[in-house]
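Asks: Sharing a structure below in structure tokens format, with a few things to ask.
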Amino acid sequence: MSGKKKPGSDLAALNKKKLKSVDEILEKVKRLGQRVRAEPEVQKTLAELNLPHACREVVDKSADAVLDEIETSILLVAASVLRGEGFTYTLPNRAKGNQLYVPELDRIVLKDSQSHRTFANISTCRKAVITTRILQLVHELCTKRIHVTKRDLFYTDVKLFEDQGNSDGILDDLACMLGCTRSSLHVVASEKGVVVGRLTFREDGDLIDCRRMGVGGKAIPPNIDKVDSIESDAMFILLVEKDAAFMRLAEDRFYNTYPCIIITAKGQPDVATRLFLRKLKQTLRIPVLALVDSDPYGLKILSVYMKGSMNMSYDSSNLTTPDIKWLGVRPSDLDRFSIPEQCRLPMTDEDIKTGKKLLEEDFVRANPDWVKELEIMVTTKVKAEIQALSSFGFQYLSQQYLPLKLQGGDWI
């Protein structure tokens, strides 16, 4: 056996000496929590801002209210036919050019311009048919007071929809047209996100203790309306991009030493996870710290949680959790934590293009620290995954990296 040291062993030993007691490590997190709780609970609304553009937002509606909206929409179409103007739907335009970032709200909203979907037009005929079919299906769901997944909806008429992307997209169009959230349509996404840690809540009357859910965690319910009685003694929420990092932290029982709730959507965030995170933040009023890959897509995922997505900008007021702190892995961490060269990956042309596009986004330019980190990334043309930290040992993430970041208040 050679006397060679494990890569990063010197750094790990140095970091270990730097770590203080758990109470001292959590001191800056505690102060951040005090600032979060001191913030006013009522945030500004679009109506209060007097923006130069009219904007469209949706609200939760009861099944009866959605039924009324659907029937009114069909009556308007019938009236249009009787007037000799043809079978036409008037829907909000959800194209990218109709999106607007509002700095005062720190999220993306949808401007209130409209488009027409006409049955007699060859370019919109098929979409008009699909729109009618989905309205019919949603009407049935709301009448029967039952919920189905987006996949279930797709399989009701595969020949017409052809691809689930078609039915999913028009479902968002209809939510926007009817002025309600997508969950109000009684169509939910399949379970994707999971949660573990110091959290209890009731789901449809059943008590759930997230400390007793094992390494896999508790699946985040697709119907967030059935979640209530949320209680926790956590000091912060740790939002994790990757399932692998989530499992490492869950298995190491990171939340026992550092009181927290750990959530992941296993990549691109789904609606249920975004709704659940927002509900936790509003109920518990504790900070949210994010752990994502050091690449443009990690930051895009973080921005969806914080600012909203282009696809669902009409519902950003219900889906976004502003003021999430970017804990890591940040481009500046690669040198500061001496991530080995073999664990740093060269960015592809597509990665660099995505990074440069992000630098042009209003919500990125609004945060100088984000700009600085992104500039490091596109200049060095290097990216790294959370798993790169495993080069120092499988438990380095939970025992060294995160405690050091928390201790230093090293988030932006």
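Yeah, the Cβs are placed from backbone N, Cα and C, and that goes for glycine too.
Pulled the feature table from TrEMBL, pasting it below:
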- TYR155: active site, nucleophile (ACT_SITE)
- TYR155: active site, O-(5'-phospho-DNA)-tyrosine intermediate (ACT_SITE)
- GLU241, ASP293: Mg(2+) binding site (BINDING)
- 127-187: domain 'Spo11/DNA topoisomerase VI subunit A N-terminal' (DOMAIN)
- 236-406: domain 'Topoisomerase 6 subunit A/Spo11 TOPRIM' (DOMAIN)
Asks: Limited to the domain 'Topoisomerase 6 subunit A/Spo11 TOPRIM' (236-406), I'd like the whole-number average of pLDDT.
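Replies: Reported value for the domain 'Topoisomerase 6 subunit A/Spo11 TOPRIM' (236-406) is a mean pLDDT of 91.
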Asks: For a quick check of packing: other C-beta atoms within 10 Å of the C-beta of ASP293 (Mg(2+) binding site), how many?
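Replies: Cβ-Cβ neighbours of ASP293 (Mg(2+) binding site) within 10 Å number 22.
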Asks: Applying a 10 Å Cβ distance cut-off over all chains shown, what neighbour count does GLU241 (Mg(2+) binding site) have?
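Replies: Result for GLU241 (Mg(2+) binding site): 26 other Cβ atoms within 10 Å.
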Asks: Tell me the Cα distance separating the residue listed as 'active site, nucleophile' from ASP293 (Mg(2+) binding site), rounded to the nearest angstrom.
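Replies: Cα of ASP293 (Mg(2+) binding site) to Cα of the residue listed as 'active site, nucleophile' measures 35 Å after rounding.
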Asks: GLU241 (Mg(2+) binding site) to TYR155 (active site, nucleophile): how many Å between their Cα atoms?
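Replies: Spelling it out, the Cα of GLU241 (Mg(2+) binding site) and the Cα of TYR155 (active site, nucleophile) are 30 Å apart.
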Asks: Tell me, how many other CB atoms lie within 10 A of the CB of TYR155 (active site, nucleophile), whichever protein chain they belong to?
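Replies: The Cβ of TYR155 (active site, nucleophile) has 12 Cβ neighbours within 10 Å.
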Asks: May I have the DSSP-based helix, strand and coil counts for the residues of the domain 'Spo11/DNA topoisomerase VI subunit A N-terminal' (127-187)?
Replies: 47 helix, 4 strand, 10 coil
